[in-house]
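Pulled from TrEMBL, these are the features on record:
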type: DISULFID; residues: CYS146-CYS171; note: disulfide bond
type: TRANSMEM; residues: 12-32; note: transmembrane segment
type: TRANSMEM; residues: 52-74; note: transmembrane segment
type: TRANSMEM; residues: 83-104; note: transmembrane segment
type: TRANSMEM; residues: 207-233; note: transmembrane segment
Amino acid sequence: MSHITCVRKSLCCINLLFWILGCGILGIGIWLHLAYQGYSRLLSHRILSGDSLIIIAGVLTFLPGFFGCCGSWFQNRCLLRMYFILVIAVLLIEFSAGTLGFIYRRRAGAILQDELLTGLQTRYTATNENGLKITWDHIQEQFKCCGVKNYRDWYHISAWPDKQWVPSSCCLPKFSNMSSCGELEDTSYFYTAGCYANIHNWIMERLYIIGIISLLFAFIQLFGIISALIIVFSMEPKRR
């Protein structure tokens, strides 16, 4: 039975780490939700925002870790079965999400661009009533860009109709102190390239890292499934 004990302790330790990791991810997601609510307004679909995805990932990591750790430690078949079901469900979700992401990767880029453009043109306000102004200011200053496709996107927004203006955050650093910089027609005063490419690349770089981590998690989860089955079957003779 020594090998069963080794498997049980290994499964318990791994899932304890998953449980702690899940708590950490969940906490980060909640913190992002409270601290950076403006970023969620860039997209009309709330579920697509980063903080929501992080919270979901935290829950999906926390629950299996809890059941796996408790089930292996107390040798409880009910908890181990629940762990088995949850891990299978998480693996199916990961596989489905990865497959859909690969199939619709080009379409997703077009959807992202349309969502950003729609939000800029219809929900942006100069008074920052919905937090979108601060978000766009931060993006344009960080990525040194202006608008979604290019600076002309700001010429068609509801905040200043019939005005060919851009926000002051589009202005080059040496002209940022000029209060009317964004109202000038001379494009040499501000950035002209759009932000979409930078935002898209920023997202893709992080998705690539997430993909590698997900593959690592998948292998560990497979080990967890096999370990749970070994423990459950080893308990069968005791029940007879």
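Each Cβ is built from the backbone N, Cα and C atoms, and glycine gets one as well.
Listed disulfide-bonded residues: CYS146, CYS171; maximum Cβ neighbour count within 10 Å falls on CYS146. For the transmembrane segment (83-104), same-chain residues at least 6 beyond its ends with a Cβ under 8 Å from one of its own Cβ atoms are 15, 60, 63-64, 67-68, 71, 207, 211, 214, 217-218, 221-222, 224-225, 228-229, 232. In the three-state DSSP reading, CYS146 (disulfide bond) counts as coil.
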